[in-house]
């Protein structure tokens, strides 16, 4: 409920408040929509499993859940990189910012992020759910995640594991490296600023995004890029809660508590 209410509130205030009609908040609105998808694709079924004796999900339901989860995860990786690029242009090239980060560019970056997620998730889900599963069909997880499902297949899944690893490298590591590169340039620009107040004010616009990136990528990289020898079902379940539950719940708080513009918009909304 906290995740849903917080992210819906972010979407509402970025739509109704004219001061938040900028590329930064356009991407934030997209991020909140993604987090709502994360929450609704995994948490309701998880709660049903916790609260009832029958802890089951249909084959089609499992495939749908994994497709939604994969789509949202890949899209968020790309979207966080787009948000880092937006901050890079705003801080390192302020005179070119309005020209480069036009609404057409924002829509293009967002569309590419979503399209990448849709296509890759479709291929990955089809690849996994065409494997033979001959039982026992007990998933050692809270939801239908990639690695726990592969452990149930009756055939050698080495090719599938390689495919997952390649996708993880390309669409987790590469966007992460782009984010790191953007922030190296941002920090270089900030350190060259003459006043301490200017440095703090400029860096404060990036802090929320950095915290979100750390939360999301920290758990994602450990889950999907660690060697198979270090894989553990219990640790995998714990890490999955970080990006399916903690991240969607914390993101609205991170952006509202650390952002003066969002706090002012919330005050205006309460006044109405």
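Glycine residues also receive a Cβ, built from the backbone N, Cα and C atoms like all the rest.
The range from 138-157, 238-257 that TrEMBL describes as transmembrane segment is residues 238-257. Cross-referencing 34-57, 106-129 with TrEMBL places the feature transmembrane segment at 106-129. Residues of the same chain lying 6 or more positions beyond the ends of the transmembrane segment (162-186) and with a Cβ under 8 Å from any Cβ of it are 74, 77-78, 80-81, 84-85, 87-88, 91-92, 116, 120, 124, 127, 146-147, 150, 206, 210, 213, 217, 220-221, 224-225. With a cut-off of 8 Å between Cβ atoms, the residues of this chain six or more beyond the signal peptide (1-18) that come close are 25-26, 28-29, 32-33, 35-36, 38-40, 43, 245, 248-249, 251-253, 255-256, 262, 265-266, 268-269.
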